[in-house]
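K.L.:
Copied straight from Swiss-Prot:
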type	residues	note
BINDING	Gly82, Asn113	anthranilate 1 binding site
BINDING	Gly82, 85-86, Thr90, 92-95, 110-118, Ser122	5-phospho-alpha-D-ribose 1-diphosphate binding site
BINDING	Ser94, Glu227	Mg(2+) 1 binding site
BINDING	Arg168	anthranilate 2 binding site
BINDING	Asp226, Glu227	Mg(2+) 2 binding site
Amino acid sequence: MQKIKEYIKKLEEGCDLSSEEAEAALEEVLSTAEDGEIETFLLALKAKGEKPQEIVGFVRGMKKAGNMIKPNTPFRIVDTCGTGGDGLNTINVSTAAAIVTAAAGVPVAKHGNRAATSMTGSSDVLEALGIKVDLSPEYVRKTIEKIGIGFMFAPVFHPAMKRVAGVRKKLGVRTVFNILGPLTNPAGAKGQVVGVFDKNLCEPIAYALAELGTEHALVVHGDGMDEITNTGETYVAELKNGKVSTYTLTPESLGMLRASPGDTKGGSPKENARDLLCIFKGQKGPKRDLIILNAAAALYVSGIVGSIRQAIPIAEDAIDSGKVMVKFNQFRTFTGEFYQIDKKQGFIPGKTALSPSRVSMLSPASGEQA
């Protein structure tokens, strides 16, 4: 029996949904609800404001409908992912930071998609760099296990999202789906740096991550940016040891130079790819500093250091020693090889249904360690 109308009425009356109700509502939205009902539901929720328990329910519903993987790694897996939607068109900070983090020895399961409001999304710049982004889930798992980094293309891992694409486009406003991406990491990353487009989302998302089992997370909003910024103050809600604390960071407090907003602007996928390659090869400047700050945050939530500041020299060394270029080349080579295998097996991103034999590979196979 459909309950979406009941949930809409409750939201319109200003009442919060329980996590169970939110999960059930999300399941209807992704399956049987009509477009008009989806539209009304999303707008009513937006008008009321999303609460942590509602976000938790939506995330659980998304994961239930998605393709999850369980990579076997020696250390805590981390993700660097932003909501996007800040409208600032900076370079691809979280994507570059993910590669730097992996080069420093921390396994990364990067969740991402194409550009929503900026010129260049994470998958756009990776493709411009020659990295195959639309691998099947089991080959993403293998990439993470073999080289310590994998990219999880949202349409492959969350195919049910196609169901709401038309409504979201028609609405043309931010909805709860804009904040679910960073929270629905298909590899179950336990360390996360989550950038958000609105400072007021930092604490609700941190509390939601606590409920979802994340071990250490930084939910950040920096000077209008969904990253830790080097152009001004960054507001942080940190989840650690089950508790959430809030504070403000500045570039100076982390030993970095302050930059001007124009110094970190991005461009087209090709332009951003060129910038990232120059940085990976050692070019210094504000864009490199921005990437280092966010990679240091990822290293911090991985548990290998006790603070972001302690991690900055590690991130710098990963670039200066050449480790980042080695990791980048591995990433490009492995994804290219696995893409060809996928192609031979008939995998079509977003279209090919996973057979039972392929689904069984989404977690370590028999004989492998869990």
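Cβ coordinates come from backbone N, Cα and C, glycine included.
Note that the structure is a prediction, hence the values are computed from the model and not measured.
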K.L.:
To which of the binding-site residues Ser94, Asn113 does the lowest count of other Cβ atoms within 10 Å belong?
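P.N.:
Among the binding-site residues Ser94, Asn113, the sparsest Cβ neighbourhood within 10 Å belongs to Asn113.
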K.L.:
Hey, of Gly82, Asn113, Arg168, Glu227, which of those binding-site residues are within 10 Å of Ser94 (5-phospho-alpha-D-ribose 1-diphosphate binding site), Cα to Cα?
P.N.:
Gly82, Glu227
K.L.:
Hey, of Thr90, His111, Arg168, Glu227, which of those binding-site residues are within 10 Å of Gly82 (anthranilate 1 binding site), Cα to Cα?
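P.N.:
So the list reads His111, Glu227.
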K.L.:
Which residue among the binding-site residues His111, Arg168 has the fewest other Cβ atoms within 10 Å of its Cβ, if you could check?
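P.N.:
Counting other Cβ atoms within 10 Å of each of the binding-site residues His111, Arg168, the minimum falls on Arg168.
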K.L.:
Between Asp226 (Mg(2+) 2 binding site) and Thr90 (5-phospho-alpha-D-ribose 1-diphosphate binding site), how many Å separate their Cα atoms?
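P.N.:
That comes out at 10 Å between the alpha carbons.
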K.L.:
I'd like to confirm something. Which of the binding-site residues, Thr90, His111, Arg168, has a Cα closest to the Cα of Glu227 (Mg(2+) 1 binding site)?
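P.N.:
So, spelling it out, the nearest of the binding-site residues is Thr90.
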K.L.:
How many whole Å apart are the CA atoms of Arg114 (5-phospho-alpha-D-ribose 1-diphosphate binding site) and Arg168 (anthranilate 2 binding site)?
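P.N.:
If we compare the Cα positions of Arg114 (5-phospho-alpha-D-ribose 1-diphosphate binding site) and Arg168 (anthranilate 2 binding site), the gap is 15 Å.
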K.L.:
How many Å separate the Cα atoms of Asn113 (anthranilate 1 binding site) and Thr90 (5-phospho-alpha-D-ribose 1-diphosphate binding site)?
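P.N.:
With distance taken Cα to Cα, Thr90 (5-phospho-alpha-D-ribose 1-diphosphate binding site) is 16 Å from Asn113 (anthranilate 1 binding site).
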K.L.:
Measure from the Cβ of Thr90 (5-phospho-alpha-D-ribose 1-diphosphate binding site) and count the other Cβ atoms within 10 Å, all protein chains considered.
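P.N.:
Other Cβ atoms found within 10 Å: 23.
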K.L.:
Specify the count of other C-beta atoms within 10 Å of the C-beta of Glu227 (Mg(2+) 1 binding site).
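P.N.:
There are 29 such Cβ atoms around Glu227 (Mg(2+) 1 binding site).
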K.L.:
Rounded to an integer, what is the Cα-Cα distance in Å between the residue listed as 'anthranilate 2 binding site' and His111 (5-phospho-alpha-D-ribose 1-diphosphate binding site)?
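P.N.:
Cα of the residue listed as 'anthranilate 2 binding site' to Cα of His111 (5-phospho-alpha-D-ribose 1-diphosphate binding site) measures 20 Å after rounding.
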K.L.:
Within 10 Å of the Cβ of Gly82 (anthranilate 1 binding site), how many other Cβ atoms are there?
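P.N.:
Here the count is 26.
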K.L.:
Specify the secondary structure state of Asp226 (Mg(2+) 2 binding site) as given by DSSP, simplified to three classes.
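P.N.:
Once the DSSP labels are grouped into three classes, Asp226 (Mg(2+) 2 binding site) ends up as coil.
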